[in-house]
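Data first, discussion second: the structure below is written as structure tokens.
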Amino acid sequence: MTLTLRVLAPDQSVFDDTADEIILPSTTGLLGVLPGHISMVTAIDFGVLRVLKNGNWDSIALTGGFAEVESNEVTVLVNKAEMGKNIDSGKAEAELEKAKNQLSQNKDQGNSPEKIKAQETLNKAKAWFQASKSD
């Protein structure tokens, strides 16, 4: 028995295939899903979705969104997603360093919009870098 996984962003379908197991980056921590999982909806955080198929793991970088598990079908709706194998790790690492610098420049800003944006940029850069290194 397998799962059907669909990962959708507003501008593209990133993944639409079967999987043996998936690990979702939910807002409450990592969530493993196997065939026969109970029906549920969960919020998705910035992070890496891991997909096991035929003994091989693939990674998908995600920004926030939602996931629904229903009858061995998992649908993930996010603002942005990209397959780890399509991410240039050098570019992802450069973006991560840039985001760290941007956040450090705003560290004394309290909860200013600039600091919140810098933290969001850092979270996205971390997810893309991790996904680029996972494949």
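Note that the numbers count up from 1, one per residue, in the order the chain is shown.
The backbone N, Cα and C atoms fix where each Cβ goes, and this holds for glycine too.
Owing to the predicted nature of the structure, the values given are computational and were not obtained by experimental measurement.
Per Swiss-Prot, the feature compositional bias 'Basic and acidic residues' maps to 89-100. The region 'Disordered' annotation in Swiss-Prot covers 89-114. Residues annotated as compositional bias 'Polar residues' in Swiss-Prot: 101-112.
Within the same chain, residues 121-122, 124-126, 128-129, 131-133 sit at least 6 positions outside the region 'Disordered' (89-114) and bring their C-beta atoms closer than 8 Å to a C-beta of that stretch. DSSP labels the residues of the compositional bias 'Basic and acidic residues' (89-100) in these numbers: 12 helix, 0 strand, 0 coil.
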